[in-house]
Amino acid sequence: MTELSRARYAELFGPTTGDRIRLADTDLLIEITEDRSGGPGLAGDEAVFGGGKVLRESMGQSRATRADGAPDTVITGAVIVDHWGIVKADIGIRDGRICGIGKAGNPDTMSGVHPDLVVGPSTEIIAGNGRILTAGAIDCHVHFICPQLMDEALGGGITTLIGGGTGPAEGSKATTVTPGAWHLARMLEATDHWPLNIALLGKGNTVSEAAMWEQLRAGASGFKLHEDWGSTPAAIDACLRVADASGVQVALHSDTLNEAGFVEDTLAAIAGRGIHAYHTEGAGGGHAPDIITVAAHPNVLPSSTNPTRPHTVNTLDEHLDMLMVCHHLSPSIPEDLAFAESRIRPSTIAAEDLLHDLGAISMIGSDSQAMGRIGEVVMRTWQTAHVMKRRRGALPGDGAADNARVRRYIAKYTICPAVAHGLDAEIGSVEVGKLADLVLWDPAFFGVRPHAVLKGGAIAWAAMGDANASIPTPQPVLPRPMFGAAAPVAAATSLHFVSEHALADGLAERLAVRRKLVAVKDVRRLTKTDMPLNDAMPRIEVDPDTFTVRVDGEVWAEQPATELPMAQRYFLF
């Protein structure tokens, strides 16, 4: 019997079961646990495309028509990295959704072909061999300040934006809110032609239930409570009452100055009801100095924003200026300066690293242009994982590879925010039936720059060379919009997430949009235990005088990183 070395097999078909892959220039390694497209014991007839290769007429390509069920696209031999596992497979896409994960090809000539992955004349091929495939990232904390954010998001592997804003207005620069029916309609129309799913948050800072219901009927997918609008206990309670009645999520930026109460008062106002706590560490805002303690509560779904990810020697220096600009403060006013300085605490930023590694903080978003960088959600997540591996070693269950840690961290920007906001029936993971919002990465550039971003099965963004060259690869190779980013295609492959009450009220007929409006799931019964691989609830204590943080009684010492991967090796600036 002819044999292939592992190295030769990887050259021909990509790595297989038992092979380990380094993620970019980090210390993180993944190991393929299963090869559904070939590999040991199943080698032969792997679905690969090209001259002299398998996927040709009467060989790997069958006669099956699209009407017979042939997929529109097959991604061959990709290593899927998702919260549920790390496996190699062929992935089929049909009508913009994932239709099969397994072995693709022609069942007339090949064994073991998945019935939903029968390649026919109508099937396009994307070579995933040697590449990593992930679900499109979900940024759960977006300030819609300028439209250029959309391009940066796509270039960073993001396919869904949750947040609010109306442009560079002071309210939007500070708070993640699209307030009122008129602004909601205009923003849903404005974002219709980008290949991104959109979920807008209305203003929850009011005791007027009528004002909140008005926003739900106008297209808000949930609410944002922000201290700059007044996150008082009364406003929190009123917003959560409407949320409980409507089924939507509430995101909270609590009261940094403790004017209307302390963290205990906010928790009392929440009264055990589910809530998404933004930037739980507190540098982005929230009760000083102990808002981080909410990550220990079962009804709180905590997230971070990326400027504090991970804790480095530069983190503190940049935060003060960022905060003054974002919250319309003046350094010449002592009270404004005191407000800013109260939010920047190295001890809680350091503890945030640990809480992510334990799975106690469940999500990571950007806080785009409002103390965060939308293009760095994915990158900052993996930098945090790298720093924690160096400091804490392997997680339980990990050894030569870091599969447990990698699965935990990828969940923070895929399935966890999808679950938290009621989007997981449509997006958030690489699973059959979900939208084909997928990102292909070359391992050397994993988390840094995608090879291609698929939105609803269409290639929307990709690394592409000079368009006047004779082949696609000559420099400069840059992330560029592709045909899937064209406005009609983007509308056909993307969703606006709204409340079911907006659909019942006929919102689709009132808006000048082409894309489909989809209702968010009811999230009001969610708890921390519903956050895959990120459901830890350790005891968290903060000393009110020294700001020392104890996690399950142990002090987590500050050791800011002096060097990071995924940084100047990849970027000029």
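For all residues, glycine too, the Cβ spot is worked out from N, Cα and C.
Swiss-Prot has this to say about the protein:
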- His327: active site, proton donor (ACT_SITE)
- His141, His143, Lys224, Asp367: Ni(2+) 1 binding site (BINDING)
- Lys224, His253, His279: Ni(2+) 2 binding site (BINDING)
- His226: substrate binding site (BINDING)
- 136-573: domain 'Urease' (DOMAIN)
- Lys224: N6-carboxylysine (MOD_RES)
Pairwise CA distance, His141 (Ni(2+) 1 binding site) versus His279 (Ni(2+) 2 binding site), rounded so that it is a whole Å: 9
Of the recorded positions listed as His143, Lys224, His226, His327, Asp367, the one whose CA lies nearest the CA of His279 (Ni(2+) 2 binding site): Asp367
Among His141, His143, His226, His279, His327, which are recorded positions, the residue with the most C-beta atoms within 10 angstroms of its C-beta: His141
Number of Cβ atoms other than its own within 10 Å, given for Lys224 (Ni(2+) 1 binding site): 30
When distances run from the Cα of His253 (Ni(2+) 2 binding site) to each of the recorded positions His143, His226, His327, the nearest one: His226
Confidence summary for the domain 'Urease' (136-573), mean pLDDT rounded: 96
Cβ within 8 Å of the mean position of the Cβ atoms of His141, His143, Lys224, Asp367: remaining residues of the chain near Ni(2+) 1: Val142, Gly163, Gly164, Thr175, Thr176, Ala251, His253, Tyr278, Thr305, Gly365, Ser366, Ser368, Ala370, Gly372
Neighbours of Lys224, His253, His279 excl. site residues, C-beta within 8 Å of centre, Ni(2+) 2: His141, Thr175, Thr176, Leu225, His226, Ala251, Leu252, Ser254, Tyr278, Gly284, Gly285, Gly286
Nonlocal neighbours by CB distance (under 8 Å) for Asp367 (Ni(2+) 1 binding site), same chain, sequence gap 6 or more: His141, His143, Tyr278, His279, Gly284, Thr305, Asn306, Pro307
Pairwise Cα distance for His327 (active site, proton donor)/His226 (substrate binding site) [Å, integer]: 11
